[in-house]
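Colleague: Structure below; questions to follow.
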Amino acid sequence: MENRWQVMIVWQVDRMRINTWKSLVKYHMNVSKKARQWLYRHHYDSRHPKISSEVHIPLGEARLVVTTYWGLQTGERDWHLGQGVSIEWRRKRYRTQVDPGLADQLIHMHYFDCFSDSAIRKAILGQIVSPRCDYQAGHNKVGSLQYLALTALIKPKRRKPPLPSVQKLVEDRWNKPQKTRDHRESHTMNGH
């Protein structure tokens, strides 16, 4: 019988970022209770030796599974030390991998309500509109006209600690292009 390979997208992430993600998930599961329905599985609960942890996030009938890995092949950069994250959407027997932006939007859509329909009526009547979005990571694209109008009225309050964002977990801080200065800002080009 021949070998069968299954390819998965694993985002390479540094160890400290994975530790921050895990501690934020545990904080919001146990202390703030905003993620009390989430399930955290430790490495010893898994039979796979490379799995560091799993976070199961229920989304109605489906669920999002964020799996962190350790002991992977090291990458070409110094900070690629064999740590990684995969994000999977599961519903019954169907599974597909999703990117971090979509994962954050799915979490936001299911768990966090930015503004209720009555907030528009209150804003038009000049009354105080109090709902705020606790999960800003779910807003990676331009929102609806309703959302944009209400965010102009209300500045979102920053939460400490922030809710765990999948996109922040896999963000590549090291390979971002360098910002270059133009001729007015550059000290070496104008001789000063």
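Using the three backbone atoms N, Cα and C, a Cβ is placed for every residue, glycine included.
Because the structure is a prediction, the values reported are computed rather than measured.
Below are the features listed in Swiss-Prot for this protein:
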- 169-192: compositional bias 'Basic and acidic residues' (COMPBIAS)
- THR96: phosphothreonine (MOD_RES)
- SER144: phosphoserine (MOD_RES)
- SER165: phosphoserine (MOD_RES)
- THR188: phosphothreonine (MOD_RES)
- 40-44: region 'Interaction with host APOBEC3G' (REGION)
- 54-72: region 'Interaction with host APOBEC3F and APOBEC3G' (REGION)
- 75-114: region 'RNA-binding' (REGION)
- 151-180: region 'SOCS box-like' (REGION)
Colleague: Once the DSSP letters are reduced so that anything not helix or strand counts as coil, what is SER165 (phosphoserine)?
Modeller: coil
Colleague: Residue list, the region 'Interaction with host APOBEC3F and APOBEC3G' (54-72) vs rest of chain: Cβ under 8 Å, 6 or more residues beyond ends.
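Modeller: Counting only partners 6 or more residues beyond its ends, the region 'Interaction with host APOBEC3F and APOBEC3G' (54-72) has Cβ contacts under 8 Å with 10, 12-13, 18, 21-22, 25, 35, 37-41, 43, 45-46, 82-92, 98, 103, 106-107, 110, 166, 169.
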Colleague: Return the residue, from the listed modified residues THR96, SER165, with the maximum count of other C-beta atoms within 10 angstroms of its C-beta.
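Modeller: Within the set of modified residues, the most crowded position is SER165.
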Colleague: Calculate the per-residue pLDDT averaged over the region 'SOCS box-like' (151-180) and state the result as an integer.
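Modeller: Its mean pLDDT is 60.
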Colleague: Determine, from DSSP, whether THR96 (phosphothreonine) sits in helix, strand or coil.
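Modeller: SS state of THR96 (phosphothreonine) = strand.
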